[in-house]
Amino acid sequence: MSNSLRTSDSSDIENPTAGDGRSPVLVAGGATLAGALLSFLFVPGVTVFFVLAFLGVAVYGWFVHQEATAKGLMFLATISTALVLVLITAYLFLRSFPAFEQMGLEILYTNGDYWSRGDDRYSLYPAIWGTVLTTILATLVAAPLGVASAIFISEIAPSWAHEIVKPAVETLAGIPSIVYGFIGFTIINGYMMDNFGLTSSGSIVVVGVVVGLMALPTVASVAEDAISSVPDHMKDGAVAIGATEWQTIKSVTLPASFSGISAAVLLGVGRAVGETMAATVILGNVMQLPEPLYNVFGNTVTLTSLIASQYGNAHGLHMQALFAAGVILFLTVMALSITAQLIEARVKQNLGGEL
Amino acid sequence: MSERTLRNQSRDPLAVEYSAALAGLSVVPIATFFAAFVVGGLTLAGQRSLGSTILGIEIETVLTALLFVAGGCLLAISVGSRYGVIETTPDRSAGLGVASGFGFVAFSGIGLAMSQTFGLGRLVWAPLALIGGLTVAGAIVFAREDLGVTVPAGLFSVAIGSLVLFDGLTPAWAWSPAGFGVTFNGTVLIPLLTIVAGLVTAWAAANAFEGFGAAGRQAGAFFLIGANATLILLVLLLLIAFIVKNGFWYAVDGIEIGPGLNFHWPFVMDGYDVVLNQKGIYPAIIGTFWLVVGALVMAVPIGVGAAVFLTEYAEEGRFTSVIDIATNGLWSTPSVVFGLFGYAFLVPRLGNNTSLLAGMIVLGFMLLPLVLITSREAIKSVPDEYRDASAALGVSKWETIKDVTIPSAMPGIVTGIIIGIGRIAGETAPILIVTADNPQRSSAPAIMGSFELTTSPPFIVNEALLSGSSALPYQLYGAITTGVVGDDPGYGWATAFVLLLVVLSFYVIGITTRIYFRKKLQA
């Protein structure tokens, strides 16, 4: 092996000088891939040539400069994750722009006459309100139960119960949303009509509870990470002065992991906001507000179920309005996700510093 | 430190032995809670009616009796503890949390009774309910802890029991709050309130079992948290059992084995064809299979590559934090938004119709952050000693990554991928928008047979990849929206059963491998 005396760290430093032959390969690789992307965006027909050229360069590089090629490819892979997000943002905004332009602020709030294809009027107000209501209900279910199960898993459970409950919570996350929707549609909707005298199939409260159940595993697993990352020496202090386990949890562990737990709840809220199929199948998806506004037994539509139930026969401004719904969803969820990450980063800094 | 040593520390060391009477009285409400949960649950689920009998006793009577027994035991404990017959170690007060909880219950109870039953106006009921609630809360705050916990819980239980016993609340009773379009029936409220009261009394009893004080509060809290964990387990088991019960027999109907190697499983191996009278989901299974394969081909190399780059090469800094935000953002992006993106970005470029290929790419994008996050965790958890040892032998960084780091991280990476497959196999919304065309197809997409070489770009074409397909979750959605479920509910349940089987087997395999490798690592 030619570089047998190199340590792992110094190879990085030597790259620029030792890699004279490599840079053309990297440049060629990058150029062909950028070409492939650009051509796919604007002239999809010729993309194949760029892809073939890129593959050629990559194969050549792999045999001649394996390390540099691998590193370059992995770098491209890293960039592409960010690129996907950029593309999603760009296409959502591009497609929804006419709807925002035409409707102005009325797309968010208007009085009466929300949705009319004849007049080309599309206000998302009922859908936004529906999403708000279902998300509040879902959070009321997911946050307390999720945090309680996180405490159970990380602090209380004896090891046999830990081995059962943790996988069970994960499996709960695995049940596809359409299955929840199917059960809601066939069983719970009928149950509510029979036992609670609801007049139409589907109500906000059912969606809220079902979506809450689906967001629960997210809250539980993120909160569990936060709770178990509280360093032992903090808890030991409480135990040393004679506190019970519950007193330790209540006055040391939970306050110390409070930020992490709120991040968990935020991520759970994000899941609930974006949950699509259960809402689509259970709700009636009528473009109307519940009467009165806080009537959780009413029937309405959410942003997600609006898209899923109407995209099939939408054209022109109608379709763009659906994209606008997508933009609102996307921005809400991104804001929640970024806030949660900032909180988590701060937690890591605070707790990590004391280790 | 074990639970037991902690508990003994917190108590007065001179009074560790509690009487058998206390233990007996406090176990009873916990037992009645379980009984009320089972009986009330069966009634709520419609398996039994309030008028039917268990062991010769009417269910309504059983529930009422449970309420009185549990409440009575608690009140007995409170009297015994107050007059020193039963030895306990209560604190001075039950605290604001308990007080506000029971205060709120009193407020709602009085308020609802005043406004709904007696029809008093807001100006009358609101102050009265507020006074009632504050009185209860104040009494609890100023009473000693043993009384503050047991008396309100016992009275709550007895009050609900009396309502049912003296026909204040009968199965025929109904209440429709104005403007909500909903009716609360006695048939639902009686079992529901019994379960709630049972939970409250059981919490108080768990508290009393440890003689109140810090140990008692711990017992109460652990009881509630344990009950929550049990409830989640129960929900999961019931969901799965329900789907298996309703779907299994329809799904396995008409299986033929033999003669020889002949094996035919109609539901899984046939398409949906009205003419041939076939009702199978073979096309959907094949569709889901190809979607998963395509998504894996897309996401695994990119995700693992990015994970290696981020952990092994990139310096922690602005670049990595941007990628972090992007990855976590992708992870939380709603599936329907991915679908819209595919509709705007991919569909027009891939033949302007819904296609399997578009679905593969969109699902690949959804799988990408999952693979990246789990692979990164796995690579991070490879001990630095491994890398150092390899470097000390003079192996280059890339060789170390290739031969040491990635193989050591493999179990974690594979587990992440398996669980990721479970998640995307059940995704419906993106498939609905970019791949689906006809929910009841008679034939499966023939991917392998459709590859053709052409002389013009793109040189290789595959008709099947570029046309729409079904997939298991979409099949279920289609069955609901096209009304197939209305005519033949068994078909929907069987589809849900197969979908759940596919998805959960990935989860089970993934979780089991993780436990296996973790045990191996610890050994």
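Every residue gets a Cβ built from N, Cα and C, even glycine.
Those TrEMBL annotations? Automatic predictions, nothing curated.
The transmembrane segment feature in TrEMBL is assigned to B:20-42, B:62-84, B:96-118, B:124-143, B:155-176, B:188-209, B:221-244, B:281-310, B:322-344, B:356-373, B:491-517. The domain 'ABC transmembrane type-1' annotation in TrEMBL covers B:285-510.
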Spatial neighbours of the transmembrane segment (B:96-118) far in sequence, C-beta under 8 Å, 6+ residues away: 124-126, 128-130, 132-138, 140-141, 148-149, 152-153, 156, 175, 177
Within-chain partners of the transmembrane segment (B:124-143) [C-beta distance under 8 Å, separation at least 6 from its ends]: 93-96, 98-100, 102-108, 110-111, 114-115, 151-152
Surrounding residues of the transmembrane segment (B:221-244) on its own chain - C-beta under 8 Å, 6+ positions past either end: 30, 199, 202-203, 206, 493, 496-497, 500, 504
Positions on the same chain near the transmembrane segment (B:188-209), where near means CB under 8 A and six or more residues out: 22-23, 25-30, 32-33, 36-37, 39-41, 43-44, 50, 60, 63, 66-67, 70-71, 73-74, 77, 81, 88, 146, 149-150, 153-154, 156-157, 160-161, 164, 169, 171, 173, 216-217, 219-220, 222-224, 227
